[in-house]
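Note sheet for the following structure.
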Amino acid sequence: MDHLPIFCQLRDRDCLIVGGGDVAERKARLMLEAGARLTVNALTFIPQFTVWANEGMLTLVEGPFDETLLDSCWLAIAATDDDTVNQRVSDAAESRRIFCNVVDAPKAASFIMPSIIDRSPLMVAVSSGGTSPVLARLLREKLESLLPQHLGQVARYAGQLRARVKKQFATMGERRRFWEKFFVNDRLAQSLANADEKAVNATTERLFSEPLDHRGEVVLVGAGPGDAGLLTLKGLQQIQQADIVVYDRLVSDDIMNLVRRDADRVFVGKRAGYHCVPQEEINQILLREAQKGKRVVRLKGGDPFIFGRGGEELETLCHAGIPFSVVPGITAASGCSAYSGIPLTHRDYAQSVRLVTGHLKTGGELDWENLAAEKQTLVFYMGLNQAATIQEKLIAFGMQADMPVALVENGTSVKQRVVHGVLTQLGELAQQVESPALIIVGRVVGLRDKLNWFSNY
């Protein structure tokens, strides 16, 4: 180990930065966030330093490097564009036994600055020892995606509860189980982020009052339309914390590969017109697993609240008193249209967009008169089997027969395929496409030839 990682308490302690440019500004920002009493010495300063000085946040000393400024310092940073000056700062600090960082010169420095993930009071520092700053930055970005944004607030709140936890739970094992449930409780984290004191208190009391073995919850997560890169950061965090993942056919293999390795997986294989597991049984699976104390993720393609029957599943949980939360996903209409070069709205062609199910309950009927209106875009989910009917009804209610249409198969994935034509061809085009597929109807489809960026198919 070439360097010892430490965290410095700099609040109200004198620190010095030599340099007044962009690099020095970035270092100063970190020092100010840490509460340092900061002096900045340079020949010239970029405007941000003057702003900070006018606000009383730091002291500026204009002129050549003055090593007497180090006499009362705990820490120093040399951040000029002059290697000779930087070395003078380092030597002067070394003679006073003051730690000094020299920007872009780790061998001349007595400490190096890591890449930082700040979830105060939780801090994560990543360093390559100065050998590969880009690698450290890339690793930091990866860790940023794994750590929830609200983690700091949860950590602070945990500190307030430590005494109560110690008093209520006698053994280390019980305390560990409590904290494990506490830190993965998404509703608590969201309530803290919203400063919703009532919800925070209610969730906290439930955590303390229920037996440790029966604190399961369900999180509905939208997996997006296919491309794993479209899974949200919060969605990724949830599937990596799950004890069990209940998923269906629209969730891609690439996304399932991101699920925690030791999590149980339950495939329920839904698609339009075919359910490998009936919806009521899915509801009961979620309920049963949560009642066992498990953290259950219900992973759905697209967005769980847009033709995903997420509301029905949550009603079952709500009736049983099971805690739940929802992580939205990019819905198929948004993802497939973007990856097909078809804007859903456009000032010249469409002032509104309608998301329509093509899979109605028996006896159901759509409002075809309004659907056939001009200056809008229609997106039909689960509409392949009804494509001929959609074509017939829209024309019958006045939509122009030459209205452009597109069918997007396996949208946003490497298997994406788009077929397009006009409304009179819709039923025929549907025969060329397999599920999962989306139907887009509107003048905006005509822009695809210019705006298609993702594939030639």
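The backbone N, Cα and C atoms fix where each Cβ goes, and this holds for glycine too.
Summary of the site annotation: Swiss-Prot records S-adenosyl-L-methionine binding at P225, G301, G302, D303, I306, T331, A332, M382. Screening the candidates G269, G321, G398, G411 against this entry identifies G411 as the one listed for that site.
Summarising the S-adenosyl-L-methionine site geometry, the residues cited as binding it (P225, G301, G302, D303, I306, T331, A332, M382, G411) extend over a maximum Cα to Cα distance of 16 Å. The S-adenosyl-L-methionine site, placed at the center of the C-beta atoms of P225, G301, G302, D303, I306, T331, A332, M382, G411, has further neighbours from the same chain whose C-beta lies within 8 angstroms: G224, L250, F307, G308, G329, I330, A333, G335, C336, Y381, L438. Other than the site residues D22, V23, L43, T44, same-chain residues with C-beta atoms no more than 8 angstroms from the centre of those residues' C-beta atoms, the NAD(+) site, are G19, G20, G21, A24, E25, A42, F45, I46, A79, T80, D81. Cβ neighbour density within 10 Å is lowest for D22 among the recorded positions D22, D248. Confidence over the region 'Precorrin-2 dehydrogenase /sirohydrochlorin ferrochelatase' (1-204), given as mean pLDDT on the 0 to 100 scale, stands at 91. The Cβ neighbour count for I306 (S-adenosyl-L-methionine binding site), using a 10 Å radius over every protein chain in view, is 18.
Neighbour counts of Cβ atoms within 10 Å were compared across the binding-site residues V23, L43, A332; the minimum falls on L43.
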